[in-house]
Amino acid sequence: MRRRRRRDGFYLAPDFRHREAEDMAGVFDIDLDQPEDAGSEDELEEGGQLNESMDHGGVGPYELGMEHCEKFEISETSVNRGPEKIRPECFELLRVLGKGGYGKVFQVRKVTGANTGKIFAMKVLKKAMIVRNAKDTAHTKAERNILEEVKHPFIVDLIYAFQTGGKLYLILEYLSGGELFMQLEREGIFMEDTACFYLAEISMALGHLHQKGIIYRDLKPENIMLNHQGHVKLTDFGLCKESIHDGTVTHTFCGTIEYMAPEILMRSGHNRAVDWWSLGALMYDMLTGAPPFTGENRKKTIDKILKCKLNLPPYLTQEARDLLKKLLKRNAASRLGAGPGDAGEVQAHPFFRHINWEELLARKVEPPFKPLLQSEEDVSQFDSKFTRQTPVDSPDDSTLSESANQVFLGFTYVAPSVLESVKEKFSFEPKIRSPRRFIGSPRTPVSPVKFSPGDFWGRGASASTANPQTPVEYPMETSGIEQMDVTVSGEASAPLPIRQPNSGPYKKQAFPMISKRPEHLRMNL
């Protein structure tokens with residue numbers, strides 16, 4: 001699992017924050033504007049009535065007898081009934097889900113306050129490692145901000161974000177289905193109807209990001225997770241680009257080489273159309289066992305992406321071949337999805353003719369694979385290399401300078417859904433106490449290096465290979481980029497292995513399973 005400037009502390013949605021202030025003011029109203037000559041409580045008859053109107057629209061007299069009063073102990077818990085302060089101690093570490101150079105991902109259980117007992121994924125990042133260079137700082141900035149802004153059925157949910165002196169914590173929904181990558185490793189290749197389901201859900205997630213002015217730029221099997229039902233969830237938003245709308249381009253060189261669009265490699269400026277190229281590369285990977293263009297090293301892979309013809313296996317249906325050719329066009333302007341219709345253009349293709357988009361968005365379409373899970377805490381779909389380890393969050397003994405810590409101001413976040421549950425649980429509905437008023441691969445990741453420190457925390461058919469025929473070559477649409485002279489390096493590196501189809505009966509067995517691709521590239525924190 002990879003993945004606004006405001007005062008640090010608990011974030012309250014504006015409507016809740018104001019309402020809570022009014023509620024608390026009502027609870028502790030002591031009527032300081034009462035006239036000095038008003039009668040004291042001693043002058044009232046025992047068990048008598050208060051005969052003045054209470055400004056409740058003519059509400060009548062209130063009985064002051066003890067039978068109408070509620071006794072409660074004054075304590076921090078009973079007085080401070082708003083959202084709790086989230087800190088590492090609020091979570092019990094259960095398993096290690098992944099590790100990276102900058103931190104770990106744990107499976108955790110919340111043990112205090114709202115969501116007590118619920119399972120989450122906790123991503124822990126070391127501040128000292130992040131602030132070393134602008135690239136990693138920008139990665140963290142983008143992920144944190146986008147996760148707060150974007151809410152969609154096919155995008156991972158951020159529940160909490162908080163920090164200590166030396167670490168950043170992102171509490172995400174736990175996706176017990178694991179990575180789509182592991183499903184591909186298990187199956188080798190997908191049937192077309194299976195690929196169609198996943199591609200359809202992914203296209204809806206990409207379309208939602210594009211509506212928000214966000215380009216994803218790192219679509220690959222490792223960044224696609226499955227929930228407990230088998231539905232898709234996009235994760236890892238570190239390479240996203242924000243505020244990109246129609247007519248706007250960006251020039252940052254980033255992504256994972258095998259899935260990168262030619263215009264990114266050419267540094268000629270790119271827009272949201274790069275995500276549709278990546279969807280085509282992912283579709284090719286699902287249906288054939290490897291991305292469309294791979295080489296012995298990065299330079300050879302780039303050379304193939306820019307110049308080579310697209311080879312399509314003969315077993316693909318006409319609809320699949322046509323969609324691949326339209327998504328993998330080197331001329332970005334003529335690529336399917338590049339027009340004003342964006343995701344709608346892709347979804348209207350005959351390859352998706354059997355998809356009911358409304359039911360898909362509502363997650364009423366049954367996924368082709370449902371994880372076989374024993375409990376909510378099941379980690380069988382994750383690599384046992386990590387899950388076997390003892391979960392330990394190392395002591396937070398590092399200290400950053402005050403200027404370095406300024407970078408992380410406003411990092412704290414609480415999901416609106418949590419605030420809503422707090423509002424429901426701690427509603428300030430008045431009980432009659434007294435007459436007072438009461439008033440939410442070798443994959444090759446390339447990260448962006450440009451960073452501005454200002455405004456940091458802003459806002460079918462079977463895929464059988466029984467008939468081995470020579471793949472058919474289809475000439476790809478040419479453009480100026482194919483004339484580029486790419487120097488091929490003599491550096492040696494292992495080629496991307498091609499998955500072989502699993503010809504045996506499908507077994508819904510739990511992992512562990514050893515990936516055929518280098519482990520150090522499977523977890524990017």
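The backbone N, Cα and C atoms fix where each Cβ goes, and this holds for glycine too.
What Swiss-Prot records for this protein:
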type: COMPBIAS; residues: 32-46; note: compositional bias 'Acidic residues'
type: REGION; residues: 32-54; note: region 'Disordered'
type: DOMAIN; residues: 91-352; note: domain 'Protein kinase'
type: BINDING; residues: L97, G98, K99, G100, G101, Y102, G103, K104, V105, K123; note: ATP binding site
type: ACT_SITE; residues: D218; note: active site, proton acceptor
type: MOD_RES; residues: T252; note: phosphothreonine
type: DOMAIN; residues: 353-423; note: domain 'AGC-kinase C-terminal'
type: REGION; residues: 380-399; note: region 'Disordered'
type: COMPBIAS; residues: 381-399; note: compositional bias 'Polar residues'
type: MOD_RES; residues: S394; note: phosphoserine
type: MOD_RES; residues: T412; note: phosphothreonine
type: MOD_RES; residues: S434; note: phosphoserine
type: MOD_RES; residues: S441; note: phosphoserine
type: MOD_RES; residues: T444; note: phosphothreonine
type: MOD_RES; residues: S447; note: phosphoserine
type: MOD_RES; residues: S452; note: phosphoserine
type: MOD_RES; residues: K516; note: N6-acetyllysine
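Sequence features, as recorded in Swiss-Prot, placed on the structure.
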residue: L97; record: ATP binding site; CB count, 10 Å: 25
residue: K99; record: ATP binding site; CB count, 10 Å: 16
residue: G101; record: ATP binding site; CB count, 10 Å: 11
residue: G103; record: ATP binding site; CB count, 10 Å: 23
residue: V105; record: ATP binding site; CB count, 10 Å: 25
residue: D218; record: active site, proton acceptor; CB count, 10 Å: 27
residue: S394; record: phosphoserine; CB count, 10 Å: 12
residue: T412; record: phosphothreonine; CB count, 10 Å: 20
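If you compare Cα positions, K99 (ATP binding site) sits closest to S394 out of the recorded positions D218, S394, T412.
Distance from the CA of S394 (phosphoserine) to the CA of T412 (phosphothreonine) is 21 Å. The maximal spread of the ATP binding site, taken as the longest Cα to Cα distance among L97, G98, K99, G100, G101, Y102, G103, K104, V105, K123, is 14 Å. Classification of V105 (ATP binding site) by DSSP places it within a strand. When DSSP labels each residue, the domain 'AGC-kinase C-terminal' (353-423) comes out as 24 helix, 2 strand, 45 coil, counted as helix, strand and coil in that order.
In this structure, the C-alpha atom of G101 (ATP binding site) lies 19 angstrom from that of the residue listed as 'active site, proton acceptor'.
Distance noted between the C-alpha atoms of D218 (active site, proton acceptor) and G103 (ATP binding site) is 20 Å. DSSP assigns L97 (ATP binding site) to a strand.
Cα distances from S394 (phosphoserine) to the binding-site residues L97, G103, V105 are smallest for G103. The average pLDDT computed for the domain 'Protein kinase' (91-352) is 89.
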